[in-house]
């Protein structure tokens, strides 16, 4: 249909031909009846992408010959038949009946190892929980915690949530991904009023990984109004991210400014010694005995990733109990034997140059061979430069070593990395480079999520 094709041409100018071809032209036109356009996506992920990135543009730009807006309905290939009433009802009520975010009772302030590096965020969150528990206002709202993966942000947030709930404060604890999924579901089922009531009729909102909203205009718009509603009523907001507010890419300036209204607190990861002390305390709680060099080996094998280490120790305790070895001192050989599957998985997903190349290729929709090849097409040059930049940033590889990986001389590597750095310094949060680097950084920082599933 002409209106749809004109809309696609407009989007090519705004978001690029490659993106349109990948996400929009692959949508199948099922039917058009002057005021309604029915599209079929290949899967539910494409539907979600459409709702996040295109829905608001459709409302503004897709008009029929009579000047009336065209309503677009998108279903996925595996759900191309109309929804049954029961399916619609289930989608409508799924998040309204959800518990207000499960927390781990082990993640308390008492179980958090306080070090000079993280003393400030601990004191702030403790004071926040104490004041809020007593029904008093806290001088900083919102509290914005930022720091790398496994620095303790989740632990601190859950500790504060636990205290507030014990005091009867209605506290919602969610991830940004869950907020996004709830929003998409509400849009599709026509339940936006109930969605807004669910998120705004609380006394405190804790939301993790706010960088997940980067590049998602519709979700940012809704969160902006959610934030304003809560803040205006003096309700408490705590946010976490791997990025400081000013370092968020593809995030609306008005949101960033609001994140800075209260206090932004860096959360530093434990030092090697602090991590070891923390794990030793956990080992004692699990009633197992591990020889010091065996613990050092485990820390090294799991790259000091605290969440994976905690899961591994829990798994070890279960297997020790099963084999009735609770009173036996475990040496490195014992740990290797008891956690063989865990250690093999860790080795498989260890961050390497080839892993960065694969992740970059997947993000940009090209093959690793394209990135490592000789083509100078922009379709391949940009992913190649980003991959080089990430090898430098994440692995601290020398220019010569990166050149060996990509079969380039070191001067080419330097110019490629410099090109990406300059584009990032331009501070265009909506650029392909900024969005790509931020999303890949998040994915690579979360590389051990699959390991966590293995050792649960």
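Here, residue 1 is simply the first one shown, and the rest follow in order.
For all residues, glycine too, the Cβ spot is worked out from N, Cα and C.
Keep in mind the model is a prediction, meaning the values are calculated, not measured.
Taken from Swiss-Prot, the feature ATP binding site applies to 150, 152, 153, 154. Positions annotated as region 'Domain I, interacts with DnaA modulators' by Swiss-Prot, on the basis of sequence analysis: 1-68. Residues or ranges marked as region 'Domain III, AAA+ region' by Swiss-Prot on the basis of sequence analysis: 102-320. Here Swiss-Prot flags 321-456 as region 'Domain IV, binds dsDNA'.
Mean predicted confidence for the region 'Domain IV, binds dsDNA' (321-456): the pLDDT average there is 80. In sequence order, 147, 149, 151, 155, 156, 240, 267, 306, 307 are the residues of the same chain, not among 150, 152, 153, 154, whose CB sits within 8 A of the CB centroid for the ATP site. Residues of the region 'Domain IV, binds dsDNA' (321-456) grouped by DSSP class, helix first, strand second and coil last, total 99 helix, 2 strand, 35 coil. Secondary structure of the region 'Domain I, interacts with DnaA modulators' (1-68), assigned with DSSP and counted as helix (H, G, I), strand (E, B) and coil, comes to 38 helix, 12 strand, 18 coil. The Cβ of residue 154 (ATP binding site) has 107, 208, 240 as same-chain neighbours under 8 Å, each 6 or more residues away in sequence. Least crowded of the binding-site residues (150, 152, 153), judged by neighbouring Cβ atoms within 10 Å of its own Cβ: 150.
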